[in-house]
Amino acid sequence: MGLADASGPRDTQALLSATQAMDLRRRDYHMERPLLNQEHLEELGRWGSAPRTHQWRTWLQCSRARAYALLLQHLPVLVWLPRYPVRDWLLGDLLSGLSVAIMQLPQGLAYALLAGLPPVFGLYSSFYPVFIYFLFGTSRHISVGTFAVMSVMVGSVTESLAPQALNDSMINETARDAARVQVASTLSVLVGLFQVGLGLIHFGFVVTYLSEPLVRGYTTAAAVQVFVSQLKYVFGLHLSSHSGPLSLIYTVLEVCWKLPQSKVGTVVTAAVAGVVLVVVKLLNDKLQQQLPMPIPGELLTLIGATGISYGMGLKHRFEVDVVGNIPAGLVPPVAPNTQLFSKLVGSAFTIAVVGFAIAISLGKIFALRHGYRVDSNQELVALGLSNLIGGIFQCFPVSCSMSRSLVQESTGGNSQVAGAISSLFILLIIVKLGELFHDLPKAVLAAIIIVNLKGMLRQLSDMRSLWKANRADLLIWLVTFTATILLNLDLGLVVAVIFSLLLVVVRTQMPHYSVLGQVPDTDIYRDVAEYSEAKEVRGVKVFRSSATVYFANAEFYSDALKQRCGVDVDFLISQKKKLLKKQEQLKLKQLQKEEKLRKQAASPKGASVSINVNTSLEDMRSNNVEDCKMMQVSSGDKMEDATANGQEDSKAPDGSTLKALGLPQPDFHSLILDLGALSFVDTVCLKSLKNIFHDFREIEVEVYMAACHSPVVSQLEAGHFFDASITKKHLFASVHDAVTFALQHPRPVPDSPVSVTRL
């Protein structure tokens, strides 16, 4: 009984669901309205141009309220900090800030090495920019600071402008490091200027040109670049400096060539550190629900490796390279070297765009997850100020880290108070504890970097998913990845963006063209090739393109239209013109002979003359022109015969029609262009539409348009598209309106057709 009772409600529910589905299918709606062309629609809806909003007037207003609003807009901390719920959020932000700081310390040291700078400058870059973002940022969860992709981009610039000496024994490390710090800090200032400038002019949409496949392909290639750049620290090798295209290939070849020179102590140190880091990360993933915060594997590895290196003397006994001197305290601000701007402007713009793209993509992910809004333009300003002010204090360009951002969110972080706490912890290390890491092996920092690349290297699996989902996106991913690997990071991004934009143009050149048919008993029209029940309306051809028509695809649109209609329009027009020309020539010849006949009839002799008027009878028969009769003309009755012949010609049907000329006629009398996909029209599109009207009217097919949006109609008017031959009565509110009108008004053969000039 219990089982039966339990199954009863389920059966009842299933029956109700089926009944509701049937009711929904049977539920239809009936609506009666007149056919609406554009003229009637404008009258009915009282259409008028939308009023222009003068946003610039608002921007240029000068008032106390406007100044206060601008202050709150560009300094968001004044908005959210007074409302900060201390009891609910402070504990989570404190724990999150400490967790992020524990990650910031080893990553800052390691990523400075990746940028070709002394490790302490990674700590500076983990303090100043983070605190500046706390004041100006709008994302509550991203962790700003050093990041592998940004660091390797900076490293490629510093190594190209301040390279190693050709003879390693002649290296002046102090002078080299000072030059690289100057290059990196100047680069950071220039990156900040670009980002602030773009943010102030509301240019945050620039990141929309970097699609997700492009960004993921780029970061994956950058991860490969980072991995290769750390091999010299893992194996303890001294490599030559390579920059420019194919530098990655040259570096890999040199590593393979010098692999026998590897230092065993360095390799063992890196391997042990890597194994420890991997094990700790696996434990964190497995015990994520049980642990209040992740095990700080990087910090523990850092402390343990430093202690072992100091106790065992790894530098002297096994020639393991160590970090060396880390000065305590902060450095004074330094003005950027403006003479380097011309050399850095290209790299600075690339780094600015990439850094912003990474930050805004992560920021939007967390904002969507937690239900708040991120202002892309203010994010540009915040990142720009972080890099600008950070560069003055000798930091290198930063962005946000995915791994640290995830930790900041997962450990209870609710606001950028967590970022401020982490920056204060880094400040404590800079001032008091930095010198304790003097004996930290560089191989350990390299291991930390390589292990943290796991997430980005996993993006190689994108190729499989993109192959199944969208092969055009896969092509973007592959081109971006390959170009970045071969041409380096700056040129790789340029090639990727250009290719992505070209692919967009190519895809608009080859949209999906379809002939539409009516779904039975509805006013819905679908592609007859996809919907088996959709049938073409007899006598009417409905054509649609899935993309807007503009200069790049207007010719393709016209060609596809003529092909899908099943009529060789150009051939019919050319044959019609040839036959009409021949007909005119025959008529002219006949008139000339009649004139000659009249002259002979008016001669004084008055003799009866037998004349064959039509000497080209066979020619006229072969061209389907009405046969001319052989006639006997005398001087007495010639004018009466000519009058009779003229009356017969006036009653004859129009000889210019396809039927009269013996040419095949289209099996439809009306063509409807579904223009619902058009978002704009240019002059080339206007000319193409005009030519379509002209060509199809030449073969006795009337053309109508349907489903144009109001902005498109306005652009048609501005382009003087409508005239005496093409009016708004040819434009209908929907495809069904146009089809119904075409069926009610099949185009008759006109006595004097309205001509449309072909453009």
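Each residue, glycine too, has its Cβ placed from N, Cα and C.
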Field: L457 vs A554, membrane side identical per Swiss-Prot
entry: no
- line: Filtering S160, S262, S616 by Swiss-Prot annotation phosphoserine leaves S616
- request: Name the residue range among 294-314, 525-545, 714-734 that Swiss-Prot annotates as transmembrane segment.
  value: 294-314
Task: Among S603, S752, find the residue to which Swiss-Prot assigns the annotation phosphoserine.
output: S752
Query: Counting Cβ pairs under 8 Å that sit 6 or more residues apart, are there three or more between the transmembrane segment (348-368) and the transmembrane segment (294-314)?
result: no
Task: State the residues, same chain only, that lie 6 or more residues beyond the ends of the topological domain 'Extracellular' (369-379) and have a CB under 8 A from a CB inside it; answer 'none' if no residue qualifies.
output: 73-74, 76, 136-141, 199-200, 202-205, 207, 356, 359-360, 363
Message: As a test: from 187-207, 380-400, 417-437, 485-505, pick the stretch that has the greatest number of Cβ pairs under 8 Å with the transmembrane segment (116-136).
response: 380-400
Message: Are there residues at least six beyond either end of the transmembrane segment (417-437) with Cβ under 8 Å to its Cβ atoms? List them, or say none.
response: 84, 89-90, 92-94, 96-98, 100-101, 104-105, 108-109, 119-120, 123-124, 126-128, 130-131, 133-134, 143-144, 302, 306, 323, 325-330, 408
Message: Below 8 angstroms Cβ to Cβ, which residues of this chain, lying six or more residues outside the transmembrane segment (380-400), approach it?
response: 74, 112, 115, 117, 121, 124-125, 128-130, 132-133, 136-138, 142-147, 149-151, 153-154, 181, 184-200, 203-204, 330-331, 333-336, 351-352, 354-356, 358-359, 362-363
Query: Any residues 6+ beyond the ends of the topological domain 'Cytoplasmic' (401-416) with a Cβ under 8 Å from its own?
result: 77, 80, 84, 88-89, 91-93, 95-97, 99-100, 103-104, 107, 133-134, 137, 139-143, 145-147, 288, 292-294, 362, 366, 452, 455
Query: In the topological domain 'Extracellular' (438-484), how many residues does DSSP assign to helix, to strand and to coil?
result: 41 helix, 1 strand, 5 coil
- request: Provide the number of Cβ atoms within 10 Å of the Cβ of N172 (N-linked glycosylation site), excluding the reference atom itself.
  value: 10
Message: Per DSSP, what is the helix/strand/coil residue tally across the topological domain 'Extracellular' (137-186)?
response: 31 helix, 3 strand, 16 coil
